[in-house]
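Annotated features in TrEMBL:
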DOMAIN    17-132  domain 'Acyl-coenzyme A oxidase N-terminal'
DOMAIN    134-235  domain 'Acyl-CoA oxidase/dehydrogenase middle'
BINDING   THR138, GLY177  FAD binding site
DOMAIN    278-439  domain 'Acyl-CoA oxidase C-alpha1'
ACT_SITE  GLU424  active site, proton acceptor
DOMAIN    480-656  domain 'Acyl-CoA oxidase C-terminal'
Amino acid sequence: MEGIDHHADERNKAEFDVEEMKIVWAGSRHAFEVSDRISRLVASDPVFEKSNRALFTRKELFKNTLRKCAHALKRIIELRLTEEEAGKMRFFVDQPAFVDLHWGMFVPAIKGQGTEEQQQKWLTLANKMQIIGCYAQTELGHGSNVQGLETTATFDPETDEFVINSPTQTSSKWWPGGLGKVSTHAVVYARLITGGKDYGVHGFIVQLRSLEDHSPLPNITVGDIGTKMGNGAYNSMDNGFLMFDHVRIPRDQMLMRLSKVTREGKYVPSDVPKQLVYGTMVYVRQTIVADASNALSRAVCIATRYSAVRRQFGAHNGGIETQVIDYKTQQNRLFPLLASAYAFRFVGEWLKWLYTDVTERLQASDFTTLPEAHACTAGLKSLTTTATADGIEECRKLCGGHGYLWCSGLPELFAVYVPACTYEGDNVVLQLQVARFLMKTVAQLSSGKAPVGTTAYMARAAHLLQCRSGVQKAEDWLNPGAVLEAFEARALRMAVTCAKNLSKFENQEQGFAELLADLVESAVAHCQLIVVSKFIAKLEQDIEGKGVKKQLNNLCYIYALYLLHKHLGDFLSTNSITPKQASLANDQLRALYSQVRPNAVALVDAFNYTDHYLGSVLGRYDGNVYPKLFEEAWKDPLNDSVVPDGYQEYIRPLLKQQLRNARL
């Protein structure tokens, strides 16, 4: 069985150039080549072995993570990898670690909020990892409500220092990755108090541990918050707690790009616009959307390959059973997730462009698109992470009982991924931010102020509020204009209905609180429109490779029509489409599933994931699933002995009816 490609027949069915699709997925030929080279480099290095992770104790897992991080840095230096290549190496090592927060949060926070001098001092050290940093914002008592944080930073003009203090138990920093055992420094968010006045939450660079022996500095209490969900999974990360007992830091360790405190203790906002902080937020949320595409594509790759291997029912006269992937019920659950993985990939690409655009505008002091960009990235972070977490779990169920095995890769992938629904903004709270922005936009329509960016469609409110879909036959649902108009009409009409209902309340905030559920649904409709429109825009680009564009076209309309089917109540209640048109959309969706079916395995091959990165017996490239499941089973420590430990004490007395005399 070794060396045989059990997916060969599936791969031979492909109607497109898989190598070209790999380049489309990666974003460019250069990105593909870097990703391909680094993923193979990691897969071939024994230090990065990860198949035994579930058997480690927490301490062993953590030490193994430290070893991998140190080895990765050593290889990055030895091979003189670029920043892009180094990032890819950390990605393919595939083990949550303190370095994720160092590079992903600590460094960007200093870049975004530190002055030139502060960046010169701290980033020089951070970039060489002579200091290791984390991002200490969330507290035991407050997460989403940043303005409710309780940690204080009180300026002492006599010593020219800030006194950082945790006045209550709920003010303890709680959850920052890397904080528990590794970080030497943190960007700590605390309420700035000077001259007896509270100026709100600001960032401060605070040293936590000695650079000589790593012990916590005086008056700092720090540790790990404990084991989290899953076997292995996110337990490789030292999420920590932190308390300060009047810890003093120099005044110049306040991040002072946006505001500063003078030697005399005067609070001075700087000339740099406060909106610059949104640039960092757009960047972080863009990376989260990209991560959603990575995680969902991984789960879909495993479920698709296994669905092609697994056979169940359908045998006649001793013939072969039916591949599970050929059942329409399987396709109806799996193919929309495959389409979503591609959709999130392309909206992630667009967000990279948006970040560049926002950054250039900020530097030119143009803030016109900022509220829209902020709302859009908040909404897309929420939409993609929710769909991905749900999608990974659906993929586990699509793999039947074997999907529940740790070696399927899906339970650990789920446990690692689900925190994304909470960190960097709780997903429901974020959609409410989007809803607030939509309500403002609707309110301004009558004033003649043109909506910008992803809300530009609202400028056509007069048309969208009264238009009727022209779809008459199933194929009409492959017309981008028809699909976009249905999604635009639904989103606008839901937003306008919410705005009308809000206007019935004398107190706007009371109305907002009462209509929260409706507002979230309105925000979701707007965000789904964004993803559909960006997928359609991708199809308008010049895409090379035999059959590649056709496959992307199929996936795009599967994504859109599946959403239409899933949220049919919205489309019908807003009169965006008729019941007959909804039925035609379903007919077209089934036809698209049939077109994707022969290409399904090749479409997940285009993700170009190594077996090492996938970490799944069910998702193996060669499809040699059953012998490998047995191999994994024999590795379990329970199988080290034929007769289990405890037989003499507990099983034998039970079988021999001697429990009364047994020493339990």
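Note that Cβ sites are derived from N, Cα and C of the backbone, with glycine treated the same way.
Note that the structure is a prediction, hence the values are computed from the model and not measured.
Among the stretches 17-132, 134-235, 480-656, the one making the largest number of Cβ pairs under 8 Å with the domain 'Acyl-CoA oxidase C-alpha1' (278-439) is 480-656. Proximity of GLY177 (FAD binding site) to non-local residues of its own chain (separation of 6 or more, Cβ distance below 8 Å) is seen for PRO96, PHE98, ASP100, LEU101, CYS134, MET237, ASP238, ASN239, GLY240, given in sequence order. A distance of 10 Å separates the Cα atom of THR138 (FAD binding site) from that of the residue listed as 'active site, proton acceptor'.
For THR138 (FAD binding site), other Cβ atoms within 10 Å of its Cβ number 19.
Helix, strand and coil counts under DSSP for the domain 'Acyl-coenzyme A oxidase N-terminal' (17-132) come to 90 helix, 0 strand, 26 coil. Each residue of the domain 'Acyl-CoA oxidase/dehydrogenase middle' (134-235) gets a DSSP state, and the totals for helix, strand and coil are 9 helix, 44 strand, 49 coil. Sequence-distant contacts of GLU424 (active site, proton acceptor), defined by Cβ-Cβ distance under 8 angstroms and a gap of at least six in the same chain, are VAL284, ARG285, ILE288, LYS381.
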